[in-house]
Every structure is written in structure tokens, then in C-alpha cells.
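A.B. asks: Sharing the features that TrEMBL gives for it:
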COMPBIAS  260-270  compositional bias 'Basic and acidic residues'
DOMAIN    59-188  domain 'TFIID subunit TAF5 NTD2'
REGION    238-281  region 'Disordered'
REPEAT    390-423  repeat 'WD'
REPEAT    432-473  repeat 'WD'
REPEAT    474-515  repeat 'WD'
REPEAT    516-557  repeat 'WD'
REPEAT    559-600  repeat 'WD'
Amino acid sequence: MAEKSTPLLAVLQLLRKYNLKGTEEILRKEASLGDVEYETLNLPEVEIASILTAHHTESDPYSYEFAYESLKKFIESSLDVYKYELSTLLYPVFVHMYLLLIIYDHNEHAAKFLEKFGPEQEDYYQDDLAKLCIVKHKDQIKFNELAQIYSTNKFEVQLSRDVSSQLKRFLQEQKSSTVIINIINNHIQIDVHDGPGRNQAQVRATAGGLLGEATRNENRAKVYYGLLKEPEIEVFPVPAEDEEEAEETPDKPKKKKAKKENMYMKKPKSDPNAPPIDRIPLPELKETDKIEKVKALRAKRVPLGPDCLPSICFYTLLNSGHSAICADICDDSTLLAVGFSNSIIKVWTLTPVRLRGMKSADKLQDIDKEAGDVLVRMMEERDRDTCRTLYGHSGPVYKVGFDLFKTMLLSCSEDSTIRLWSLHVWTCLVVYRGHTWPVWDVKWSPHGHYFASCGHDRSARLWATDSYQSLRLFTGHFSDVDCVQFHPNSNYIATGSSDRTVRMWDCLTGSQVRVMSGHKSTVFTLAFSVCGRWLVSGGTVGDILVWDISNGSLTAALPPSHTGPIHALAFSRNGTILSSGSLDCTIKLWDFTQITEETVNDETGSTTSVPKDEKYLLRSFATKNSPIKSLHFTRRNLLLGVGTYEGSS
């Protein structure tokens, strides 16, 4: 009975009171009300009168404007300690008043109401209102995506206990507040928190989500944000590259050539915040993969910081201004992949070593399968080129990504598929189908084997290379999921969406563990810090936010420097420098160490210690006219950028 409309129950009881059995029976059948529910119907007379009066008030078009203006005057006349939190109620009340006017066929009043109070709403809601104003008749509500979202979900508002008491007092005193009370009861979820009311900066920092702020309860789950203890790798032969380096630096060969050297002794103690090593089953490393890991650790890394900024090498794609969509550089910085709008993928070599194809089937039969260099023997000696083209998608390719050991490449497309390509035979191995609409992003797990995808169907998915079906389905966003990123320990993924929220998901359980609101625009790119505790997100208006995933709070909003959408974020290998690339044709370097140190030292418990000055921006680099598609730090901390030249502006 609780699911039935309250005005309907009041009308039924009124019909029973006046013994109008015929009408009562017809209404009961239409409402599908059972005998048990009907017999337990016993609303007090006062409540029936109140419900029917409220229903009459809601059908009066003039009551909405009067009620909204009275709420607005109450908020404006409140003390500052109450005003800013109360102001977050104005937008959801305004939206639902507009929809109610449409539902009651007061279309002209709805248009005037929108015209009068629409421009007063926050600037980051104006795009939503532009989509909502298309609804001119109640039959159009079910076809409008935004109207459906607001009708079927509750808008989240955070108020302190004192502010909540002030609101209740106002609603009790005002005769015109029946409409507002019904909207709050049916469409707004008020999360009451202890402590003082928030100031304007604190409220604005976490506002902006399609359905309001993230509630505190949603961020209480424990997150293992520490790094996994790496397995011990003992390699006896020293790779040829390292021997050459050893000759140039005679003081280091002893350390490099030590037998049974444990390459992971830099971190003897396991991270207390790390998940159990067997929480997520991870693949065992092959011998070739172990050698590749050792090479990565032995690379002479430049210690970057404010006094030692990285050099930047920028790769420009010519004659592809509007056709090259995405790019990626492999971990050892030897290969570059680019996805194009004509559904092809191109892979270039960035070193003098050319790309080789595989020998024919007849020649492969003569190869010794047990040989240690079997992969080298399988490759054709003469068939070499600087570029390979991959065909298979039937729509624009939105994202490409190399695996850790550059043996495979992932791509996703408008054709709603994900493809796994072999970089040995240069052909597609698997087509993954699961998404029902275009797939916007795909990312490899840092440990290989797993990958995550997201798309227009408002979902993200977890996959494994040994299964053609997804392992996990992550749903909860209210709009497109535009970007996805794996946590360094492979136990979590983060997603950014057009609903202007960032969420984190547990790969083991598939549950949502963090919801973070604060972006005022679509979230286009994500990057986890090297240590695993911080998450950085970039939006379409050039906003960059830093989140502390240990508690889901906003750590910093970097000063607005970019004037275009952020399409690339990358951390230096030691995690001290954050680089951001934008469609405004600039790359900017940020002092990430200072941002996190100030947060760790701040013990005030404030959830928004948002910096306002420019001290975190170390340097800005402008290209001639090339929007940034991708950023990548090499193992030696050289920053590589990729962009498409769009001609002279």
C-alpha cells in the first residue's frame, strides 16, 4: 500500500465514507488495489483533508511561482552560515516545479516559469536546462532523457543539522510551502550532517553533479589503496643494454651484475593499506616479461621536481587534424598507436628497430618450438616497416592501448565492440561484444590480463583476455561513462561520466565504493598517482580536480589554467610531477608533491582544502596549433606528447 499514490488512497476512503460503491469499485480495479490493502485503509480525517488540499494546491499554476519566490526570499534573508547550504535546494525545487506544471497541462505557465527563474540557476546547470526546456508537453517527458532521470531519481542535498532545522521551521510557518514539502519528500534526498554549515567555497567545491552532491554514506567503504608487494625476480644474465650502460659508468657494474639480485628490495615492508596479494587472481609473469620488468627498474631515471623539470618530445601528426581521435605510447616508449575516424588503427615504431611480420605457415613448421628465442625466429626478416595498419572496426576508433609488455593492443569504437590485436601477427585475435552503444574508453590493468571499458550505455565493464564475456558490470552513472582508469594495484577501477561525477568500483565484488562530486562539466580523463592514494580527473572546461580515495574527499581544485577540454593526464615515474594536456594546444606541469604534502599536513579535517593561487603550476608549454591527444612519461622521465596539427589558426 505504501507504493500507491497517497491522493488515490484519500479519494478511495472519501468514496467509502459517502457510500459511493460503484465509483469506488471502478477506481479500485484501475488502481489494482487488493482486498487486504483496502480493508487496512484507515487514514485520519485531518490527513485526508490535508492531502486533498495539497493536491488542489499543486494543480494551481500560480502557487508554484509564489512558493518558489517565498523559498528564494527565505534563503536570501538567511544568515551566511545557513544561506549557502540552503541555496543548493533551489535548483532541484525549480526543476520539479517546472515538470509538475507540464504534468498538470499548465504549459504556458511552465514556459514563463522557466524564462523567469531559469537564468538565475548556477551556470553549470544551464546546459541541463537547455535540454529540459525542450519538454513542452507531458507526453514528451518519457522521451526526454534528462526529465526521466529527474523523475525516477532523487536529488542529493547535504545540510548541517542547524540548517535542516531552519528549513523545517520555514516550511511549517509558510502556508504556500505544501508544494515544496511534496517535492522534497518525493524527489530530494536530504543528507543531514553534524557540524557547522559550510561556506560558499565549500558548497561550490562539491556541487555540480547531475543529481547533486555525493552523500557521506556512499564513501564509507574501506578501500585498499596501497600497492601490491611485487614478486621477487631473480635474473642471472644482465641484458645487453645494461652491459653497455655499465661500460659508460664503471662505478655501477657490481650492483647491476650481482647474482640472484632481488629487484624489488627497494620496498622491503609491505604497504599496510595494500589489499591481500591473492584478493584478485593475477597472471604469473613469463620469463620474457620478467626481463622486461627488470629493464624498467634498471633504467636511469631522472629525479624530477620543481628545480628539475622534464624535457618534452612532441610527436605531431600531419594531415590528420580531424581524423586522428586517440593515441597511446607503449610502456617502454618504442611504439605509438593512433586511432582514426575512418575506423583504422596505425602503429608506428619510435626507434630505428622496424616492425616485423610473422613468417608463413610453411616456414613456421621448421622452427624449434622449444628454443629460447622462438618468438624472434617466428618473425620475418625481410618484411619490415616503420608503420602497420590494422583493419577491423566499422566506426571511428575512440581509444587504443598497449599492454604492459607490448605484445597486444586494445581498441574500442563507435561500432560498440572492443578488439584485441596481436602485435606479432598484426591481426585481430578477439572481438568483445557486450556494450550496446559506442564504447568511449578501454584501459589495461597494470598487471595485464584484465582490462576495463566504458561507453554510451552508462556502464563500465571488466574483462579478461581469456574470456569473451565480461566478468563484471558496473552500473550507477546517470549518463555516458566517458573514461575509465585502473588503480595501480588492479583491485579497483575509476570512472568519469557526463553526469559530472567520478566513481570507484571494486573489481572483486563489482560494488561501488566511492562517489565524488565537484566537477562542473563532463569528466574526460583520469589518472591515479604512483602511490595509489590520489586520483586526478580532468573535465571539458579545463578543470582538474585531485581526490583522496582513502575517504573520497576533494583534496584540491587546481587553478584554472587550461581553456579547453583536458584529454590527457600523466604522472612522472616517481610521482612528483603531474602533466596535463588539453585541446587548447598546451601542456602544463604541476608540482604534485606540494599539493599532497599540504593535504597530509592539514589536520583540520576540512573536506575541501582547495588552493586558489598559481604556486602549483610549474610551467606551461604551447604547441603551434596541435591539440594534445596523449601524454606519456618514459622510464627515464622524458615526457612524450602526441597531437594533431590543425593548420595555422
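Including glycine, each Cβ sits where the backbone N, Cα and C put it.
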A.B. asks: Run through the repeat 'WD' (390-423) and tell me, per DSSP, how many residues are helix, strand and coil.
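C.D. replies: Computed counts for the repeat 'WD' (390-423) are 0 helix, 19 strand, 15 coil.
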A.B. asks: Would you mind splitting the repeat 'WD' (474-515) into helix, strand and coil residue counts from DSSP?
C.D. replies: 0 helix, 24 strand, 18 coil
A.B. asks: Is it possible to list how many residues within the repeat 'WD' (516-557) are helical, extended or coil according to DSSP?
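C.D. replies: Counting residues per DSSP class in the repeat 'WD' (516-557), I get 0 helix, 24 strand, 18 coil.
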